[in-house]
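To start, the structure itself, in structure tokens.
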Amino acid sequence: MLTCLKFVVLLLLLSSRSCDGLQFNDIDEEVELVAQSSRYGSLWPLPQKVQLSDVSFKLTTSSFRIVDAKESSAGPSCSLLQNAYRRYYDYIFENAKKSWQAKGKRTGPSELGELQVWITSADSECDGYPSVTSDESYELTVNQPFAVLKAPKVWGALHGLETFSQLVYKDEFGTVSILLDSSLVLPFFLFFRTFPQLSQKGAYHPYTHVYTPADVKMVIEFARLRGIRVVPEYDTPGHTQSWGKGQADLLTPCYAGSKPSGAFGPVNPILNTTYDFMTQFFKEISTVFPDAYIHLGGDEVDFTCWKSNPDIQKFMEQQGFGQDYSKLESFYIQKLLNIVSTTNKGYMIWQEVFDNGVKLKPDTVIHVWKGNAQQYKNEMANVTSSGYQTLLSTPWYLNRISYGQDWQGFYKADPQDFKGTEEQKKLVIGGEACLWGEYVDATNLTPRLWPRASAVAERLWSAKDVTDISDAFNRLSAHRCRMVERDIPAEPLFSSYCPHEYKGV
């Protein structure tokens, strides 16, 4: 099998542009787009800088290899890269059943023999985990007699390998010429050694519908090998109905008049046992998940049950909170933040916690999700003017389905598009596409995600001036076909077909 590769120089330097009640929908009158060839081929997301030429090189299964450069600080012992080399070799040659070690055929004058991967830093971070401060930059140069992929860390090399694979194309003769939510207010899925009853009583089924410690470890390692962070969210005091099934006295008893109604509300914030539980709970969480951050939620707390409970009412009076139940929520959140701080983890919280005036550590990340375009822009300005880093999700709720090409609205949303100083905009660390799980399971998860999430990825990854919707449509259409060819069932952007569907016709 042969492949061809355009002569190319690419440079990626990452910049900081990296629910219910949502009303944002910023899609202009939809433009009817017809897929055409882009001058950038099918690159997605587009690197920060790209220089292409019309020169092509051939790649063959018998001679082309992906190898460590002699100068690289990561060698054969770096399993993360070695696994990636095999994975991308397979992508490039479409799962060609050739030996990875295939040798013996010399490259011709128009062939590319190697992609050399050069990790330039002394510490490649091969055995580590990606973090919010990871260097994910890379520089890819394709020329004879070999291509060179330079990156300070392995995380940039992983992105560069994807870019290289997207440069590969077939000619007309067949020559190949490179926050998911699973629960919300639903069952408790994760098995805890400290509190096994949480999943035993709170899951759909205690054996078949839980994530065991081995499952979690597998997910984290699968993600690490692809340069992906896994940040857990444990949202309290609301969204905790399933917790109460396995932990007595954790939730607030609701009252109907002077008697308990039998229903339960948010976490009970007035009991010492609540904070004893949270201390042990987050201690275990901090050992299971290696990322430096935990998402603590704090959104959508319904005060109705708290207001009905006589013990809560008495506590409110003792604390001088009056009838302002947001102060009770802040009381709880502040104690929770103090608990999590003892685990040496940073934390992310939904914007309500900031809006309610809870005292936060300077390195807290505020997650903005509410309102229409103008409202979230105002919130971004308020958060950053207070000196906090922020993450935007408002315009990228993928669970909200609308007729037509809604990816265009995702693509146009810019997290730094608000009134503020340049210093404020540097505090925007990026964004997060959300897919809440009330109407999603394994049957529709992947097509609902892709390629719509790809539009968000390019907005957060590529240069600020990459805004051409027509060019994006051309490249994203090709990228969607590439995903389908890699057995990822991504939905179409519009009525169309993929060339590989007619192979052999």
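Keep in mind that glycine also has a Cβ here, set from the backbone N, Cα and C atoms.
In TrEMBL, annotation is done automatically, which means it is predicted and not curated.
What TrEMBL records for 1-21 is signal peptide. Per TrEMBL, the feature disulfide bond maps to CYS78-CYS126, CYS254-CYS305, CYS481-CYS498. What TrEMBL records for 190-463 is domain 'Glycoside hydrolase family 20 catalytic'. Per TrEMBL, the feature active site, proton donor maps to GLU300.
Non-local neighbourhood of CYS481 (disulfide bond): CYS498, PRO499, HIS500, each in the same chain, at least six residues away, with C-beta under 8 Å from its C-beta. When Cα-Cα distances from CYS254 (disulfide bond) are compared across the recorded positions CYS78, CYS126, GLU300, the shortest belongs to GLU300. Among the listed disulfide-bonded residues, namely CYS78, CYS126, the Cβ with the most fellow Cβ atoms inside 10 Å is that of CYS78. For CYS305 (disulfide bond), the Cβ neighbour count at a 10 Å cut-off comes to 20, with all displayed protein chains included. Rounded to a whole number, the C-alpha distance linking CYS78 (disulfide bond) with CYS305 (disulfide bond) is 54 angstrom. Cβ neighbour count for the residue listed as 'active site, proton donor': 18 (other Cβ atoms within 10 Å of its Cβ, all protein chains included).
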